[in-house]
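**Q** Mind looking over this structure? Questions follow.
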Amino acid sequence: MQFSTFQQDLNTWQGSSLIFGIVEEDLKNQLQKINFIIDSKLLLEKINQKKFNGEKGKILNFDFFDQRLQTLKIIGLGESKNINSNDIKNSLADVIRKSSDKEEKISILFPWELINSPEEIQSFGESARLSAYKDNRFNSKRDDKKVLNEIEFLNLNKFKNINFNETEYICEGVELARRLVAAPPNSLTPLEMSIQASKIAKDHGLEIKILEKNECEDLGMGAYLAVAKGSDLEPKFIHLTLKSTSPVKEKIALVGKGLTFDSGGYNLKVGASQIEMMKYDMGGSAAVLGAAKALGAIKPDGLEIHFIVAACENMINGSAVHPGDVIKASNGKTIEINNTDAEGRLTLADALTYASNLKPDSIIDLATLTGAIVVALGNDVAGFWTNNNMMASDLKTASSQAGEELWQMPLQKSYKDGLKSHIADMKNTGPRAGGSITAALFLEEFFDKNIKWAHIDIAGTCWTDKNRGIHPSGATGYGVKTLVQWIKNKR
């Protein structure tokens with residue numbers, strides 16, 4: 001899907017589908033804006049019949065079969081003094097989602113004078129495109145419905161020079177993440193994930209290194225490889241690098257959990273554990289690769305960015321790791337495995353150590369790590385932990401700009417006692433209470449403490465069972481926009 005703008009005289013506009021935003025005050029004068037395409041007096045009568053006065057979130061649909069304008073969607077924006085971009089994005093998403101299989105091109109005309117910045121308008125474009133997303137790869141039946149392939153913004157006035165290139169790049173990154181998360185585990189294997197990473201490298205000029213099992217053994221990655229032992233599929237350790245063409249002012253590592261399927265191992269997922277949904281246990285790596293795709297196109301100067309994914313499956317066979325085994329991570333720490341279903345943190349242990357050895361200024365890891373974070377924050381908000389107050393502030397700002405909810409959680413040091421082992425340096429899980437916190441405390445043991453670090457648990461946000469805001473039901477691609485915005489803010 002592409003974005004376009006129309007800045008000419010509206011009387012020359014040739015579109016057939018229009019979304020028109022309207023505030024509560026003085027409907028008659030506002031409707032004059034579209035008098036070029038429809039009799040505004042007649043339209044006002046129809047609107048009054050429906051008792052509509054521009055209330056926030058209310059939507060009116062009109063179909064015209066005997067005019068050039070075929071469809072008109074009117075979105076109520078509420079009082080002009082209280083206009084809210086997030087409300088607009090959600091209403092726009094709702095309209096676009098319902099229209100995306102009926103129209104090939106949709107035009108949008110809002111009271112742009114009430115919008116504060118071009119970034120807000122870009123976010124409207126983002127909302128429109130991402131809400132129209134459909135994934136029919138695994139459906140044998142191909143319908144003949146239309147596909148929305150263009151969003152046009154009319155008369156942007158003071159924002160007439162707006163550029164939607166970066167918006168398109170970010171949407172492409174989110175869409176890649178959604179496709180990866182939604183792909184079934186017999187389709188998205190560790191090998192396939194490495195192929196997808198190689199394609200990103202080829203398309204955008206990134207360097208790539210894929211470590212095979214024997215190379216991971218040489219690096220002492222006993223935690224990551226312990227998880228992979230039960231699968232017939234070889235693990236793939238993926239390292240993408242986006243280099244800067246100018247002197248590097250900051251080096252960053254983004255690390256994603258990459259379990260392409262998680263059975264739970266010998267602590268098998270049963271009952272309400274939703275084993276059939278464990279294809280999305282690589283949501284963190286999907287966000288990292290989606291960010292790599294977007295940033296590879298944007299090419300932020302002065303930054304060297306490393307994208308790291310330890311991809312594997314957690315399965316059961318005669319070689320699989322046992323509950324009670326003691327393993328050694330690549331930083332030399334020994335770990336007693338008291339739960340094979342807490343495998344993501346084991347793969348991240350070696351991935352974080354690897355990232356730390358690159359000597360970055362900061363590391364962010366993303367993972368569908370704990371059910372505890374879903375209990376704490378639900379499905380709309382991800383939790384994050386960090387060892388640096390400035391990083392916390394920067395992430396909150398970036399997530400707010402990106403429209404992805406993020407809530408800071410405590411690194412409660414007293415909870416570390418729950419990870420003590422009688423026979424090893426630590427256990428891989430603590431008690432049930434505070435489970436997402438002890439998971440973060442576990443990860444904190446695997447990188448240089450002088451590095452700024454944040455851990456984002458996206459277990460609740462990477463998937464939605466129903467349409468939610470800009471997300472159609474299914475994979476959300478959560479995390480891509482926040483990561484990209486956080487990087488963009490450093491330019």
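A Cβ is built for glycine as well, from the same backbone N, Cα and C atoms used for every other residue.
What Swiss-Prot records for K257, D262, D281, E343 is Mn(2+) 2 binding site, and it gives sequence analysis as the kind of evidence. Annotated Mn(2+) 1 binding site per Swiss-Prot: D262, D341, E343, in sequence order, evidence recorded as sequence analysis. Sequence annotations record features per position, and here Swiss-Prot assigns active site to K269, R345 based on sequence analysis.
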**Q** Can you figure out which of K257, D262, K269, D281 (the recorded positions) comes closest in space to R345 (active site), comparing Cα atoms?
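**A** That would be K257, the closest of K257, D262, K269, D281 to R345 (active site).
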**Q** What is the Cβ neighbour count of K257 (Mn(2+) 2 binding site) at a 10 Å cut-off, with all protein chains included?
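**A** There are 30 of them.
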**Q** Taking DSSP as the reference, which of helix, strand or coil describes R345 (active site)?
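**A** DSSP assigns R345 (active site) to helix.
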**Q** Beyond the listed site residues K257, D262, D281, E343, identify every same-chain residue whose Cβ lies within 8 Å of the center of their Cβ atoms for the Mn(2+) 2 site.
**A** V227, G258, L259, M278, M282, N314, G344, T347, A367, T368
**Q** Inside 8 A of the center formed by the CB atoms of D262, D341, E343, which other residues of the chain have their CB, for the recorded Mn(2+) 1 site?
**A** V227, L259, S263, G264, G265, N267, K269, M278, D281, N314, T340, A342, G344
**Q** Counting every protein chain present, what is the number of Cβ atoms, excluding its own, within 10 Å of the Cβ of D262 (Mn(2+) 2 binding site)?
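**A** Total other Cβ atoms inside 10 Å, all chains included: 27.
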**Q** When you measure from the Cβ of D281 (Mn(2+) 2 binding site), which residues in the chain that are at least 6 apart have a Cβ under 8 Å away?
**A** K257, L259, T260, F261, D262, N314, G344, T368
**Q** Taking the active-site residues one at a time (K269, R345), which has its Cβ surrounded by the most other Cβ atoms within 10 Å?
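**A** Max Cβ neighbours within 10 Å, all protein chains included: R345.
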**Q** Drop a 10 Å sphere on every Cβ of the binding-site residues D341, E343 and tell me which sphere holds the fewest other Cβ atoms.
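**A** D341, out of the binding-site residues D341, E343, has the fewest neighbouring Cβ atoms within 10 Å.
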